[in-house]
Amino acid sequence: MRIKETLNLGKTAFPMRAGLPNREIDWQKGWADNNLYQQRQKLNEGKPSFVLHDGPPFANGNIHMGHALNKTSKDIIVRYKSMNGFRAPFVPGWDTHGLPIEQALAKKGIKRKEMSLVDYRKLCYDYAMEQVNTQRQDFKRLGISADWDNPYITLTADFEAEEIRVFGEMAKKGYIYKGKKPVYWSPSSESTLAEAEIEYKDIKSPSMYVAFNVVDGKDLLDADTKFIIWTTTPWTIPANLGIAVNPAFDYVQVLADGQKYVVAAERLNKMTDLLGWESVEILKTFKGADMELMTARHPLYDRESLVILGNHVTLETGTGLVHTAPGHGEDDYNAGTKYKLPVLSVVDSKGIMTEDAPGFEGVYYDKANPMVTEALEKNGSLLKLDFFTHSYPHDWRTKKPVIFRATAQWFASIDAFRDQILAQIEKVEFMPEWGKTRLYNMIRDRGDWVISRQRAWGVPLPIFYAEDGTEIITPETIERVAQLFAEHGSNVWFEWDAKDLLPAGFTHPGSPNGEFTKEKDIMDVWFDSGSSHQAVLAARDELTYPADLILEGSDQYRGWFNSSLITSVAVGEVSPYKAVISQGFVLDGNGRKMSKSLGNTILPEKIIKQMGADIVRLWVASVDASSDVKVTMENFQQVSEAYRKIRNTMRFMIANTTDFDPAKDTVDYAELGSVDKFMLVRLNAIIESCKAAYDAYDFATVYKTINMFLTNELSAFYLDFAKDVVYIDGQNDAPRRNMQTVFYAVAVALTKLLTPILPHTAEEIWSYLHEPEEFVQLAEMPEVAHFAGEEDLVATWNAFMGIRDDVLKALETARMDKVIGKSLEAAVTLYPNEANAALLASLDADVKQLLIVSQLTIADQAVEAPAEATQFDGVAVSVAHAEGDVCDRCRMIKTDVGSDDKFPMLCARCAAIVTANYPEAVAEGLEK
């Protein structure tokens, strides 16, 4: 019989190489075939609910790393909650209307103008659903557990119907109105934009100072005086109708190089330098309020501009006198409204100057800038022209600049319930905490929400018009449209005549002939997703309204967090969410946004194909996503290495429990050895820490806690010396069964704790354990156990670990000095102080075995440590080469090798084990 046959060398089919890219697909098929999501929901019936409401990603293209971070984070939370006492359904969603779909069709060569609107919208629908299905497969491949067969999609009939009802409820309460106001307008999209659809980029703009001649100075200013204004948008000068001043500021009339001007007193020195004035004399000082209703000659046209008061005027830039074009600026509009200034807009939907800008009509607004400048220079009104770089709003889809343009639009006003929204924000928990202040300030300061869009693909605004132009929005018309949308989808709005869309027999005093028309604009996509609290949370029996949690990127403070909060408080008088987690963006290694044009993208699909979805998921768990996250391929390599350690450690425990039946072989805690008890106490501390971290949505701490436990306490300590027990002792010997009890408990608990993060790997490990649940996802999270005397036990073993660290340092020194090679070649003598001597004497374990040395002597306190011993705090350590021969079975150097004549190659311990457990070896003898 060979010596190897007497060793309990763990054997397992659990592969060392993960092969995740292929093996994960098999697991996912098994989950689908066994309806695992539905099984988990059924198991959790009757438990307290926890609803994480999925903010809908836009359905366009394959998922990117930001999607992976977001959806995996949600999945980790939902999986944990589902295994920890909650009914936690997860309904995924998609945002499917809007300009990107139209742009995608245009790229495919589909021309909107060459077909009916209904046919075009059907193409948009088909394309959007293709994108939904693409992303659904991407998310499923990532291992996301969800109700994939019943997602919510903003283009479905049931969703659109509920969105109409949200709009109707807001209209009934008086929050919806039509007005002509300057709004963000994208000439490249030919549509209005909400604030959430704006991004800022640096551009170069003109900086221009223009003189307006005083016409009526109200007996304060002479007619030969000039007001000086500053602007960065020369093209809006044709739309100028006023000059705004701050009533509280001091202004001065000055004589500068022979010409009289008016500027703010505090800006005089700056203007003197800027305009190069050499001789400046202050003639008068007065308040801005004194200039109210003065008039000035427009520098280009034969009309007057009115001097008005406005608190928006500041002294940070410019002259303290603000060029006011009510059709092209929000502050201009608000200030001008008080003086009944007309709302004059001088560009059309494409950004082309109109006939309201004589001399510039037919010119693109940006091209009009130099033309306006030239005209002002010719008539002597241009005082100074420079150029500067500044941050300017752009269309987030087309990346082109936007302008302010007054058009007739539909708005949602929040003034009537702004305080109610702010009060609701105070009740919401935000992670990070600064999110509360950010959203609070946004709502406090935001203006009215422009909800109409001049596009084709979206939910129609359910508004009718009478023959006399009266707008018709009544509870009856809203409900009729909602029912029609629920039955036919929103295309019915474009397929049917207005009278057929109205309730049967509907009449209106403004339509004596019974004729009606319908609104052509569609709703802002943020109104779509912003209605999900009614269309999804309130509409589905398995969900709850409000949701317990939402989790999205930090850009959603001005997006979905904002729009859903407004609509929810408007119709339900409550925040749609109880807690908010915001995450940063995924950036490249240099902190740049990932984009195809920069060539710096890392796609989840690539990582999954190369390394597996569990590697992407482990990366998600390893990062602090509360701020922006930089990622490189090296990060995934590092995570892959950490994964390998997890896998190999779990494999070792599986391999060494193949002959362990937990039902028969588990040893009660009270009967375990001290070190085994210590490891179970530590395991329960790990369980407690991980569950607390999961509860706090702190996945990085879960990852670090498990990783440190596996690396420092299991691999580097317990499993390291355990080999001398589980391999060498007899199969049923108590020390071996003690250790197997610990191995198995650790394997089961860690597998459960890892399931939310590594579901594929956890299922693979679980299939090698002897647990009643077929899938670990159907098991419950481990409970935290506490044991009598555990605090003293931990204190004892922590103290021992300090001594062990000292011994390891001494062994390393001996290795470097060529005294020993491996630690098993060492004979160690310890010279402990009184406390450490008592500690070592109290241990019921073989200290030599714990230290993985062949020979150990603990000297009496009376014995003084030799000079060559390494001195530590509380113990001195002396290392020599062990005396004796190497046992061919346990590999220790012993002086009793050959003491049993039957086994001359074995030490006395191994000879006794073989004699007791392998009679054939006794009969036949042993060979190497």
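Glycine is treated like the rest: Cβ placed from N, Cα and C.
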Annotated range (Swiss-Prot: motif ''KMSKS' region') out of 8-12, 93-97, 348-352, 593-597: 593-597
Range annotated as motif ''HIGH' region' in Swiss-Prot, from 24-34, 57-67, 332-342: 57-67
DSSP-derived structure type at C887 (Zn(2+) binding site), helix or strand or else coil: coil
Distance, C910 (Zn(2+) binding site) to E552 (L-isoleucyl-5'-AMP binding site) (CA atoms, angstrom): 61
Neighbour count (Cβ, 10 Å) for E552 (L-isoleucyl-5'-AMP binding site): 22
Local backbone state of C907 (Zn(2+) binding site), from DSSP in three classes: coil
Additional residues surrounding Zn(2+), by Cβ distance to the C887, C890, C907, C910 centre under 8 Å: I728, D888, R889, R891, M892, K894, V897, L906, A908, R909, A911
Number of other Cβ atoms within 10 Å of the Cβ of C910 (Zn(2+) binding site) across all protein chains: 27
Lowest local Cβ density (other Cβ within 10 Å) among binding-site residues: C887, C890, C907: C890
Secondary structure content, the motif ''HIGH' region' (57-67) (per DSSP, counts of residues): 3 helix, 1 strand, 7 coil
C-alpha spacing of K596 (ATP binding site) relative to C887 (Zn(2+) binding site), in angstrom: 63
Candidates C890, C907, C910 (binding-site residues) - the one closest to K596 (ATP binding site) by CA: C890
Number of other Cβ atoms within 10 Å of the Cβ of K596 (ATP binding site) across all protein chains: 7
